[in-house]
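Chemist: Sending over a structure as structure tokens; questions will come in a sec.
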Amino acid sequence: MGALGQLGDHLTVGFGAALVPLNLLFGAIGVTMGTAIGVLPGIGPALTISLLLPLTFGMDPVGAFILFGGIYYGAMYGGSTTSILVRMPGEASSVMTAVDGFQMTQKGRGGAALATAAVGSFIAGTFATVMLMLAAPVLVELALGFGPAEYAALMVLALTALGGLAGGDVAKGLLAVLLGLALGTVGIDVQTGQARFTFGVLGLLGGLNVVTVTVGLFAVGEVFWYAATRQTSSAERAQINGSVWLTRAEWRRSVPAWFRGTVIGFFTGILPGAGATVASFLAYDAERRVSPMPDEFGRGAIEGVAGPEAANNASAGGSLVPLLALGIPGSGTTAVMLAAFQMYGLQPGPLLFAQESRLVWGLIASLYISNVLLLVLNLPLIRVWVRLLQVPSSLLFAAVLAFATLGIYTLNNSVFDVFVVYALGVVAFFLRKHSVPLAPVVLGVVLGPLLEQQFRRAVAISGGDLSVFVTRPVSAAILLCALAAVTVPPVVRYVTSRPR
Amino acid sequence: MRPGRGLTVTLFVVSVVYLLGALRISTPEGQYAAVGPGAFPLAIGLGLVCCLLWMGLRPDRGPRVVVVDWRAGVLSAAVFLIYLILLDVVGYLAATVPFVTIESRLLGSRAWRRDLIVSVAITASVYALFQLVLGFRLPPGLFG
């Protein structure tokens with residue numbers, strides 16, 4: 001009863017903060033922008049939030065995070081629209097939706113596919129937020145007993161999990177993580193004041209800013225990629241015919257898929273590294289396994305849209321659990337959100353819930369509001385989103401460059417930073433060409449310095465004894481999971497690919 | 001050299017340089033640290049070298065085939081470079097309008113007039129947002 005009462009208090013504080021007119025406006029702007037960037041291929045939530053970071057510097061943090069939360073949820077939803085209508089996933093997490101969603105469009109059931117995605121996203125987003133609300137405080141209780149050794153171990157887990165799962169190829173995933181860690185060591189060592197890898201360049205003493213790295217790898221890299229390959233263009237134009245609403249049979253098939261997708265998505269989202277894309281793949285696979293008509297998948301099965309779309313939205317809620325409760329991001333977007341917390345001088349983790357309860361609960365409450373706004377906004381706006389696709393990619397990317405340059409310049413008023421962004425964009429191009437995933441690089445840059453500090457603190461406390469990491473049970477257990485994250489996928493692949 | 005190995009080799013060289021750099025980092029005099037500032041970079045450098053050796057020595061998975069138009073990519077990068085240099089010299093407004101116009105043409109647009117109008121609109125609105133509303137100082141150059 002006490003716990004429930006406390007939850008009621010938290011929600012009162014949260015909705016009190018989120019329902020301020022200005023914050024409601026930020027929420028509405030966030031979901032609208034999020035949906036738009038979800039529709040546009042190549043531009044994702046991580047990129048958008050990093051472009052907005054310099055802009056939000058002077059803002060009240062509560063408003064800024066409500067904006068970011070809206071973008072995150074909105075982008076997860078927006079990716080579905082273009083997948084269904086023109087088989088062009090705006091985000092990687094909507095790839096599975098494109099399979100059956102586009103088939104449905106060709107059969108004239110595009111409206112129903114969009115509706116099942118919208119309602120599924122709403123249900124998943126709402127339930128994921130409820131679970132976030134219930135799970136985060138439990139995790140906070142647990143985390144209060146954590147010392148530097150446990151935190152260091154957790155970060156190792158986040159890094160290896162993302163490296164091991166993100167790209168499919170473990171070697172390339174690890175390479176990406178290590179490159180990010182290496183970039184993170186540039187600058188002055190905070191513990192001893194020793195300059196590292198600065199090559200006498202003044203602009204590097206403060207280290208590479210996370211925003212600089214994200215904009216360079218995601219935004220500028222994306223533009224170079226587009227310039228040289230012209231991939232992501234050439235959309236087939238879509239039409240919506242027939243009723244845009246679900247038939248009785250479609251409802252019956254969608255409802256269980258939504259709930260399976262929600263559960264799969266939320267728990268996949270909590271795991272560091274797995275994220276929305278993996279969640280949507282798992283959900284699609286689950287739907288095909290439980291379906292009485294597995295042959296229909298790939299030919300327009302509505303469960304193939306309902307499950308993955310619910311899963312990718314629920315995973316966004318799930319991924320906020322470790323970010324808020326432990327301060328450990330598990331994906332590209334949450335890594336940028338961690339950078340935003342750092343920009344405001346806030347450290348996510350157990351203390352955040354105690355010291356900044358208005359911010360935390362305001363963000364959580366705003367996610368409920370975002371969900372309602374998304375549903376209200378999207379059902380009538382579908383036709384507008386389709387029109388947005390007709391903006392030529394060339395103009396879009398040129399505008400991204402102009403905006404990115406400016407955002408980076410204003411961080412420190414330095415053109416040097418813009419050069420760094422540009423160089424990272426070139427690096428991103430070559431990494432991408434060799435299918436090295438980019439999100440683990442960003443995570444490495446964000447987590448590397450934190451991991452190093454926690455690691456050194458743990459060793460300093462133990463008096464130089466490295467065994468603390470394996471003798472403390474929680475730390476040892478987490479490190480075992482980290483090891484499994486790298487070793488299990490290749491073993492599974494080997495076993496399943498071996499001819500019988 | 002097999003195709004797709006260029007990146008592995010380049011990164012390997014970079015990693016070795018990084019590793020050598022890490023070996024030269026010392027704890028400043030008069031300071032004590034249980035784990036010095038060089039330990040972490042050393043571990044990362046070793047990891048990078050091992051990882052790249054693994055990638056270089058294993059059988060080729062056959063990299064994803066992507067048709068790359070090198071001319072467009074290099075041109076686009078060169079225009080960007082010129083833009084960055086001009087940014088300091090002539091200022092944000094004067095550098096960005098031609099840059100956005102040319103860059104969108106390089107990215108495949110074929111409508112000069114529309115691109116020019118759009119780039120003026122983008123530049124002006126971004127300028128207004130940052131400089132006038134938010135009070136950031138952009139590179140002033142010719143038009144302050």
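Placed from the backbone N, Cα and C atoms, the Cβ positions cover glycine too.
As annotated by TrEMBL, transmembrane segment applies to A:20-40, A:52-75, A:112-139, A:151-167, A:197-220, A:263-284, A:323-344, A:359-381, A:388-409, A:415-431, A:438-455, A:475-495. According to TrEMBL, the feature domain 'DUF112' maps to A:24-443.
Each of these features: where is it, how hidden is it, and who are its neighbours?
Modeler: Under 8 Å from some Cβ of the transmembrane segment (A:20-40) lie the Cβ atoms of residues 47-48, 62-64, 66-82, 90-91, 94, 362, 366, 369-370, 373-374, 377-378, 381, 385, 388-389, 391, 396, all in the same chain and six or more residues away from its ends.
Remote same-chain residues near the transmembrane segment (A:52-75) are listed as 17-18, 22-23, 26-38, 44-45, 90-91, 125, 211, 313, 316, 320, 333, 336-337, 339-340, 343-344, 346, 356, 358-359, 362-363, 366-367, 370-371, 373-374, 407-408, 410-411 (criterion: CB distance under 8 Å, separation of at least six residues from the stretch ends).
Here the transmembrane segment (A:112-139) has long-range neighbours at 7, 10-11, 73, 76-77, 80-81, 84-85, 97, 100-101, 104-105, 240, 242-247, 250, 254, 257-259, 261-262, 265-266, 269-270, 302, 305-307, 309-311, 313-318, 320-322, 324-326, 353, 364, 367-368, 370-372, 374-375, 378-379, 382, meaning same-chain residues at least 6 beyond its ends whose C-beta is under 8 angstroms from one of its own.
Among residues of the same chain six or more beyond the transmembrane segment (A:197-220), those with a C-beta under 8 A of the stretch's C-beta atoms are 44, 46-47, 50-51, 53-54, 180, 183-188, 332, 335-336, 339, 342, 400-401, 404, 407-408, 411-412, 414, 416-417, 420-425, 427-428, 438, 441-442, 445-446, 449.
A Cβ distance under 8 Å defines the sequence-distant neighbours of the transmembrane segment (A:415-431), meaning residues of its chain 6+ beyond its ends; these are 176, 179, 201, 203, 208-209, 212-213, 215-225, 228, 404-405, 408-409, 438, 441.
Through the fold, the transmembrane segment (A:438-455) approaches residues 46, 148-149, 151-152, 155-156, 158-159, 162-163, 166-167, 173, 176-185, 190-191, 207-208, 210, 213-214, 217-218, 221, 275, 327-329, 331-332, 335-336, 338-339, 428, 431-432 of its own chain, all at least 6 residues removed from its boundaries and within a Cβ separation under 8 Å.
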Chemist: For the transmembrane segment (A:359-381), give me same-chain residues lying six or more residues beyond its boundaries with a C-beta closer than 8 angstroms to one of its C-beta atoms, as numbers and ranges.
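Modeler: Apart from its flanks, the transmembrane segment (A:359-381) reaches 10-11, 13-19, 23-24, 27-28, 30-32, 35, 61-62, 65-66, 69-70, 73-74, 77, 81, 115, 118-119, 121-122, 125-126, 129, 132-133, 317, 324, 346, 352-353.
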